[in-house]
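Annotation source TrEMBL lists domain 'STAS' at A:28-127. Annotated transmembrane segment per TrEMBL: A:123-150, A:170-187, A:199-225, A:264-293, A:314-338, A:358-376, in sequence order.
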């Protein structure tokens, strides 16, 4: 029944017969392709050519197509190749492949200079588009917020609470742990270097100012962008892919109000809380290290801390949190709604959400630093 | 042809014996036996939630079973080694209910995916075979460069079938191939399955609820109920059956409409 496929050439008077034998199926496709390529070199010979397939034990689409390909390439001008001895079982298969037009598939063009320039141009133009998209979303969220203020019944409390749990409550352990460790590291490094000047105690000033003004909120915002921004993008993106957002729209709901507003609100409320907890954990960690490693006992630490920092430092830090949350949320939602139909697109937009989120958080932090410096806080 | 039929009776291509599948404490399949003969189109019906898809997924190894044995092409899938199993997998194709096309690949890349993995052939041959497969499932060559998200529901089913057929399998599993297609499209699809079975000598295991498919495409019908096969046979056998669900299914309003 089975057997390696062969294609033998037998001269019959002034005609040439190509006898196909054995199994002409996908499993033997590489060998078949070589044989057919060999036989195609016969094209142009003046003889009449028959392709005899009566001895073929098994034929599938691969075999049938290769025989058909051979027939086509041997048919040139006057000479016409013919398939002979086709069994009734396979005739419909051969008929099927005969209808196939061998249109060569157009490969995407190779990389060219103009192509690269075009891509750079598109990327630059895309930056403007990104800003427009963000402002568009900000406007839509504010409009939805205004609508909810006028019609408080349309506010989705359950959804907001659910998202609060996801982005705030469940984030507490990891945020506290990481900020605690960062506090420890800052204190340790501070003591290590300040000790050389005999200025150990100033580590408390450094820790207090750094943690409350900058590190606490910045670190927490970056973690939230990675943790919740990506989740928002992935959630909204897969809802977009499965037409759930279109479904909402057709039922007369505003997706911004139903999906995005609760998420934004949860994030804007969550980030100050998390930033506060993070700052406390970092101070605690720093104090612990100052005590155990630097020999600054807790009482001295607290006394020094009270002198070193004022409420201004705390306000400067915490005021940034809701703004950063809004930036992270808007970026995440814009990216989520930009997801197209494929899994790859979902991955790209989730990546973009985190990268852009973190970028804007750092840019905002810089803007705030300039602002607070100029108002003297 | 007569000899073929005899061979078919002698060697079932799928032999399922006493399989039991359980999710938690719910027993979905309970000591089920089923034979699928070589070269036939088996239509598989049963009430929603009876476990039709579970049986399909159990046979192709996506759902673990508690007890029983499954033989496909005479290979016991539990005791087979990796290469035997790969060999079996190479010889079957699966059409999932939602198509399950790879969303980040074009139609052409989707169809070529199994070829790339299993066959060492030139890109030219793969492209040509892809065009042949597209023509077979009734799609235009232009579709090849589109992404799954740019296709209609019916086109997705056709491309998924082309992918399932990409290695010229001996056996295909179709999970509700005509659901979501318009009646004309569904009729074409039945005709297509019939043609492919004739031309390629396929064995088809088709889960379906489409009465038209059962009447026009299937050689034999198996009915699942209470975790077992409650009846198997030709459409005439089904109509003659006294089982209450079968009576309702094959003598209901819709069935009468199809028959007339």
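Placed from the backbone N, Cα and C atoms, the Cβ positions cover glycine too.
Those TrEMBL annotations? Automatic predictions, nothing curated.
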Other parts of the chain folded back onto the transmembrane segment (A:314-338), taken as Cβ under 8 Å at six or more residues beyond its ends: 133-134, 136-138, 141, 212-214, 216-217, 220-221, 224-225, 228-230, 232-237, 239-240, 245, 255, 260, 263-264, 267-272, 274-276, 279, 349-350, 352-353, 356-357, 360-361, 364-365, 368, 372, 377
Assess whether the transmembrane segment (A:264-293) lies in contact with the transmembrane segment (A:199-225), where contact requires at least three Cβ pairs under 8 Å among residues 6 or more apart in sequence. yes
Are there residues at least 6 beyond the ends of the transmembrane segment (A:358-376) whose Cβ is under 8 Å from a Cβ of it, and what are they? 214, 217-218, 221-222, 225-226, 316, 319-320, 323-324, 327-328, 331
Counts by DSSP class (helix H/G/I, strand E/B, coil) across the domain 'STAS' (A:28-127): 53 helix, 17 strand, 30 coil
Over the domain 'STAS' (A:28-127), work out the mean pLDDT and round it to an integer. 77
